[in-house]
Amino acid sequence: MAPERATVRATTKSGHVSMPIAIVTAGMGMDPHTRPATAGPASLAALSSSAFPMFDDMIWGLIVSVVISGEFSGFNSGLANGFGSMIVAHILITLMVVVLAASLVEMATAFPFSSGCAAYTFAAFGGAAATIIGYLYTIEFITMTAQTLMSLGQTLTQAFELPHELEPIWWALAVAFCAAANLHPRLVAKFNAWMTLLSCMLLCAVLVVEAPSVRFQQAFTTAINSTDASSTNATQLTEPSSLSTAFLPFQGAGIVRSIPSVLYLYIGFESLTVFAEETRHIPHSIPRGTTASMFTLVVLATATLLITSAAAPGIAVIAGSALPHTTSLLAILNLGPTSIRLLGLVVLPPIVISLITTIFSSSRYIYALSRGGFLPTNLSLTNRYGGPFVATIVSSFLSFGLCFVINYGGLQFQTFFMDLSILSALLAYTFDMLVFVRLRSVMPGLPRPVTSPFGVAGAVFVMLVSALAVASLVALDRTFALIFVVLIGFFVLLVPYYVFFIRKNLTASPEKEFVKRQMHAKRQEELRAIRYDRWTGFGESVEPQPLAHLRLANVSPYGTLWNQRRSGS
């Protein structure tokens with residue numbers, strides 16, 4: 001029988017917070033076989049079954065599952081800006097995402113923590129900036145979860161021809177199921193991998209059926225309307241005044257307005273940073289899993305954009321459809337009424353798996369921020385399986401409540417929160433790359449198991465693209481301008497909140513201890529001295545102490561300890 005799991009708590013003025021001790025105690029003279037088990041999320045790698053002997057497959061499933069629902073809906077609304085505009089925006093965003101993923105992998109393997117980009121920001125700019133980026137990512141994933149939850153409710157309501165008033169019941173059932181699954185990391189890991197594979201196969205099957213009906217010449221026929229400059233969605237227009245066959249019918253403005261729709265094909269991939277802490281072979285699993293997932297997403301996103309946009313019944317109909325693949329299949333296949341209703345359920349697996357993983361990601365951010373003292377410390381409590389159950393329940397409840405605000409607040413609320421996740425992501429991408437450049441400057445000696453092949457130049461490219469996208473969207477769209485003002489005001493208020501409330505409650509989290517040790521090691525290297533023997537006068541070089549970073553043992557903060565406790569060693 002496995003020994004009872006012990007809990008380590010960091011005491012603060014406001015209470016206690018459960019936290020893993022693998023990083024904190026590393027190099028402190030404690031025998032690893034006598035350390036208590038961690039109280040953080042259980043290592044998914046240590047729990048993988050024989051069906052997936054390598055954790056790289058799990059990382060692939062976790063990253064792809066966050067994004068996969070965007071391949072089924074959401075991207076198509078930008079087609080009203082012109083097929084050419086979508087193609088150009090897709091190329092630009094794809095390049096940005098690939099470079100950004102490589103940079104995030106470098107930071108994730110160097111700072112393997114559930115707080116993800118908040119941990120990198122803490123090392124680069126301190127606690128106030130870490131508070132901003134941590135809250136920003138939490139907002140992004142909670143709004144993404146709410147949107148996915150609403151899509152699930154709409155899909156089930158349409159499939160079974162039920163009144164829209166019953167959608168909250170679907171929301172409640174779905175969020176309860178997904179939150180319960182997230183309480184058991186082992187279940188999430190296994191279920192996630194298989195459901196992601198099924199979702200990819202479903203998408204490929206749909207694209208194969210749509211491919212024979214593709215007509216690219218018709219796809220480049222765009223309706224030119226008297227557009228409202230405040231709208232990025234050209235489908236919210238009246239009857240067309242003319243038709244255009246130009247590649248870029250709205251020129252540069254069409255490309256900018258297409259960016260939010262293209263981002264639906266990739267948004268959420270940045271959650272790869274929160275998986276590092278629950279990975280066993282960090283230097284191998286994170287880069288391999290990320291590479292495989294990015295290859296999968298780029299191929300599926302490109303195929304979806306090119307095939308579905310040009311497939312029957314035409315780009316104008318596809319652009320205005322809530323479920324573009326279902327609309328296309330209905331125009332191609334001759335089906336009965338029952339089959340038509342059930343055809344909408346083809347998007348159910350990707351929506352469910354995206355919902356599970358977005359809750360997983362948002363709960364890890366809340367858990368890690370709470371563990372560090374940036375949020376109330378009770379939010380970082382974990383259950384017997386290592387799952388942060390309080391953070392999971394809170395993130396699920398916030399997303400569920402947000403669904404009511406979006407659904408019953410009218411079109412303006414729907415547009416506001418849909419665009420909020422897009423703008424939050426773009427701002428986070430910009431700041432992430434600023435952190436990347438800063439870390440390269442202030443911590444050049446930081447052990448980096450993986451380095452980005454694009455380096456600082458790639459980070460600057462991502463900063464320019466994302467910053468220009470934010471500036472252009474804010475200039476062209478009133479909703480984005482309002483969201484930008486709200487976010488800036490929120491960030492300004494966060495600074496005094498951090499100074500007067502958060503800073504005094506910061507705990508000795510693994511992230512904080514790790515940064516202290518790395519900075520201490522850096523100072524040792526800079527101040528390397530010669531120790532002289534007082535009798536002979538001869539000296540010897542003093543080597544810096546080993547960095548207290550678990551990547552030297554090629555394990556995660558949890559994997560080794562979890563295995564030792566399970567084996568009774």
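A Cβ is built for glycine as well, from the same backbone N, Cα and C atoms used for every other residue.
What TrEMBL lists as transmembrane segment is 58-75 (among others).
Residues or ranges marked as transmembrane segment by TrEMBL: 87-105 (among others).
Long-range neighbours of the transmembrane segment (117-137) within the same chain, counting only residues 6 or more positions beyond its ends whose Cβ lies under 8 Å from a Cβ of the stretch, are 104, 107, 111, 270, 273, 365, 368-369, 372, 374, 424, 427-428, 431-432, 434-436, 438-439, 442-443, 487, 490-491, 494-495, 497-499, 502-503, 506, 511-512, 515, 518. Residues annotated as transmembrane segment in TrEMBL: 117-137 (among others).
Residues or ranges marked as transmembrane segment in TrEMBL: 191-209 (among others).
For the transmembrane segment (255-276), the list of distant contacts is 44, 59, 62-63, 66-67, 70-71, 73-79, 81-82, 85-86, 88-90, 92-94, 97, 100-101, 104-105, 107-109, 111-117, 120, 137, 141, 144, 231-234, 248, 282, 286, 289-290, 293-294, 297, 301, 304-305, 354, 357-358, 360-361, 364-365, 368, 419, 421-422, 425-426, 428-429, 432, 469, 472-473, 476-477, 556: same-chain residues at least six beyond its ends, Cβ to Cβ under 8 Å. Taken from TrEMBL, the feature transmembrane segment applies to 255-276 (among others).
Per TrEMBL, transmembrane segment is recorded for 297-322 (among others).
The transmembrane segment feature in TrEMBL is assigned to 342-367 (among others). Through the fold, the transmembrane segment (342-367) approaches residues 40-41, 62, 65-73, 114-116, 118, 134, 137-138, 141-142, 144-145, 148-149, 151-152, 155-156, 158-159, 174-175, 178-179, 181-182, 188, 191-192, 195-196, 198-199, 202-203, 206, 268, 271, 274, 277, 323, 325-326, 329-330, 335, 375, 379-380, 382, 388, 391-392, 394-396, 399 of its own chain, all at least 6 residues removed from its boundaries and within a Cβ separation under 8 Å.
The transmembrane segment annotation in TrEMBL covers 388-408 (among others).
Taken from TrEMBL, the feature transmembrane segment covers 420-439 (among others).
Annotation comment: TrEMBL describes 451-474 (among others) as transmembrane segment.
The transmembrane segment annotation in TrEMBL covers 480-502 (among others).
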Recorded stretch, among 58-75, 191-209, 388-408, 420-439, 480-502, maximising Cβ pairs under 8 Å relative to the transmembrane segment (297-322): 58-75
Close approaches to the transmembrane segment (388-408) from elsewhere in its chain (Cβ under 8 angstroms; 6 or more beyond its ends): 40-41, 138, 141-143, 145-147, 149-150, 153, 167-168, 171-172, 175-176, 178-179, 182-183, 359, 362-364, 366-367, 370, 378-382, 414, 417
Seg_contact(the transmembrane segment (87-105), the transmembrane segment (480-502)) with at least 3 CB pairs under 8 angstroms, min sep 6: no
Intrachain neighbours beyond the transmembrane segment (420-439), with Cβ under 8 angstroms and 6 or more residues off its ends: 96, 100, 103-104, 106-107, 110, 117, 120-121, 123-125, 129, 132-133, 136-137, 139-140, 143-144, 147, 259-260, 263, 267, 270, 446, 452, 456, 459-460, 462-463, 466-467, 469-470, 473, 480, 483-484, 487
